[in-house]
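**Q** According to TrEMBL, the protein carries these features:
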- Cys2: active site, nucleophile (ACT_SITE)
- Lys600: active site, for Fru-6P isomerization activity (ACT_SITE)
- 2-216: domain 'Glutamine amidotransferase type-2' (DOMAIN)
- 281-421: domain 'SIS' (DOMAIN)
- 454-595: domain 'SIS' (DOMAIN)
Amino acid sequence: MCGIVGAVAQRNITPILVEGLKRLEYRGYDSCGVALHVDGKLQRSRSTSRVADLETQIQQTALSGFTGIAHTRWATHGAPSSSNAHPHFSRDRIALVHNGIIENHEELRAELQAAGYVFESQTDTEVIAHLVDHLYTGDLFETVQQAVKRLTGAYAIAVFCRDEPHRVVGARQGSPLIVGVGQGENFLASDAMALAGTTDQIIYLEEGDVVDLQLQRCWIVDVNGKAVQREVRTVHAHTGAAELGPYRHYMQKEIFEQPRAIGDTLEGVTGIMPELFGDKAFNIFKQIDSVLILACGTSYYAGLTAKYWIESIAKVTVNVEIASEYRYRDSVPNPNSLVVTISQSGETADTLAALKHARAQGMQHTLTICNVATSAMVRECELSYITRAGVEVGVASTKAFTTQLAALFLLALALAQTKGRLSDEQEAEHIKALRHLPVAISAVLALEPQIIAWAEEFARKENALFLGRGLHYPIALEGALKLKEISYIHAEAYPAGELKHGPLALVTKEMPVVTVAPKDALIEKLKSNMQEVRARGGELYVFADADSRIAPSEGVHVIRLPEHYGQLSPILHVVPLQLLAYHTALARGTDVDKPRNLAKSVTVE
Ligand code: HGA
C-alpha cells in the first residue's frame, strides 16, 4: 500500500514519476502527488483524484525537474484530503513521501511543535519531514540516518532537500523499497514494476538500509550505519499494464483468465514430487509433523481450504492462522512444523511479520505460495511455489486465489507422497483431474448469463448469507468477501450446520441465502439446512453440481455446475461466486476494480 517513486537524473523526470505512479496506483488511490526540485525551490502538485488527473494538472502547470519524488496514498492517518496527500514539505526545504505507519508520531509531533514546527496535515508522515528538517546538518544522507533512529514503526521513505539539488535519500524498515540503478541517474520505488522501461538493474534494500542516490552514486549503509554492497539484479519486471480486451473491468478479465492462469501454474507438473517446492523440500517434508499456514484475507481462505486437503490427503495436522493475529499472540511453537505463508504480492506486511515471528519462535522450515517471484516473501522463505496467475490488477482477488488453491492442492499431494500416503494410482488420478481443471473452469464460466440474472436481484439487497459445508465452507467465506468488497452489500458466511446456532435469526424473505452445494459427503445434511432456511421464508440461491440433485422450486433458485469435481470442487465453485459479486457490483455502479477504502497489496499493518 502506498506507492513511492523517486528519481535523480539529468533529464526531466516528471514522465518517469507519473508513469511509475500509474503502475503503483493499485497500492492506494486515496490521493497522489509529486514534488520536484525546480530552480532552487521545492514545487509540488497533489490530487485527491486519480493519477490521470494529477498528470493533467502537471501538464497544465508545466511542472518539470531533474530531481523529485512521487506518491500514491492509501490513508492510514488522516482523511484522504489534499492537505494529507504526500509529498509533505517542511519549511519549504525538505520534501518527503512515506509508506508505513510511524507509531511514535504523537510524541514526535509534540516535540517538533515545541520546537516551532507548524503541522499542515493529520498524517504521521509529516512528523518525519519536520524531523529531518529539524536535524538537518547540511548533509541529507547523514541527517536521514539520524532521523530514522528516532522512528518507531514501519516506513519506506524517499526524501530530498532544496539545498542539495542532485540527491534523493531513501530508507526502509518494514515496508518495501527498491533502487533502480541507471547510467548517470538513479531511482527509488516501492516495486520494480514502477521502473519497467526505465531500468531493469534493481537492488532490493534490506531492513534498516539507508541509501544515498546521486547522479553517479548509489551508496547504501545498513542498520548499523556500515557501508554495504547489495546485489544488483537484472529484473524483467512487467509493467503491470494489461490490455482489457473485450472486458469492461480487470476483475472480469481476471475471472475469465482463470483457465489460462491455472494451466500456467500447473504447467510442467506431470507428476508429484516434493522438489516442485524447492531442492530442500524432500528433507523438510520428511521432518515436519504439522503445517502452520499464515495468511490474510482471500489468501487466508485458500489456507482454510488447504487444511481440509492436507489433513485428508496427507494426514498431517494443519493450523491456519490470520497473520495479523498470530504475530501478536502467545502461541506454542512447534519446531517440526512447516510454516506456509500465502500472499499474492509477497509483500503483505502482516504475513511477512507473522513469518518473522514464527522464525523467531524457532520454526525454521518455511514455504511460501506466492504470485511474485521477486517478492520479499519468496526471498525470505526456504521453499516456494510461484503461482503463475500473471499480474492481478483488480483489487478483489480472483485468479490469484484459484491458482493458490491449485498450488496448495499440489502441496497436499507432495506431503502425502513424502509421508508414503499417496499411491501411484492416486497420484495419476489427481494429476488427471488437475490437468482437466482449465476445461472444467471454462464450462463454469459459460454460466455467466444465468448468474447475471441473479445479480440483478442481489443488487437490490443490502444483506446476504453464504452457506457451505466442509471443503466448501471456506469457499462460502470467499464468496461473501467478494460480494462485500466490491458491491458493499453486507454479506456473511457460515458453515451451514451453524445456522441454527444464531444466524437463522436473520433469515426473512428479504434475505438471499447463497448455498454452495456440490455433491459431497455432506450434501444431505446441507439439504436439511436449506429446508431450515425455506421454513423461515428465506430465498435460496443454490450453486449445485451435476450430481447434487437439487431441483428448483418456489424460493429455491438453482444454477447447476456441469461437472462434479471431487476434492478439487472448491476451485470450480468459487468461480460463480466471483461472477455473482462482479455482476452485482456492476448493477450497483460501484468502482469494481478500485473499491472504496481498499488497495491491492497491503504493505501496512
Ligand atoms: N501513514 C501514511 C502512509 C500510509 C500508508 O503507507 N499506507 O499504505 C499516511 O496515512 O499517509
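Glycine is no exception: its Cβ is also placed from the backbone N, Cα and C atoms.
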**Q** Using DSSP, what is the helix/strand/coil residue split across the domain 'SIS' (454-595)?
**A** 69 helix, 32 strand, 41 coil
**Q** If I take the alpha carbons of the residue listed as 'active site, for Fru-6P isomerization activity' and the residue listed as 'active site, nucleophile', what is the distance between them in whole Å?
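**A** So the Cα of the residue listed as 'active site, nucleophile' lies 10 Å away from that of the residue listed as 'active site, for Fru-6P isomerization activity'.
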**Q** Count the residues of the domain 'SIS' (281-421) that DSSP assigns to helix (H, G, I), to strand (E, B) and to coil, and report the three numbers in that order.
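**A** So the domain 'SIS' (281-421) is made up of 66 helix, 28 strand, 47 coil.
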**Q** Across the whole of the domain 'SIS' (454-595), what does the mean pLDDT come to? Round it, please.
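**A** Summarising the domain 'SIS' (454-595) by its mean pLDDT gives 94.
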**Q** How many neighbouring Cβ atoms, not counting its own, are there within 10 Å of the Cβ of Lys600 (active site, for Fru-6P isomerization activity)?
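**A** Excluding its own Cβ, the number within 10 Å is 25.
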**Q** Based on DSSP, name the secondary structure state of the residue listed as 'active site, nucleophile': helix, strand or coil.
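**A** DSSP call for the residue listed as 'active site, nucleophile': coil, neither helix nor strand.
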**Q** Specify the count of other C-beta atoms within 10 Å of the C-beta of Cys2 (active site, nucleophile).
**A** 26
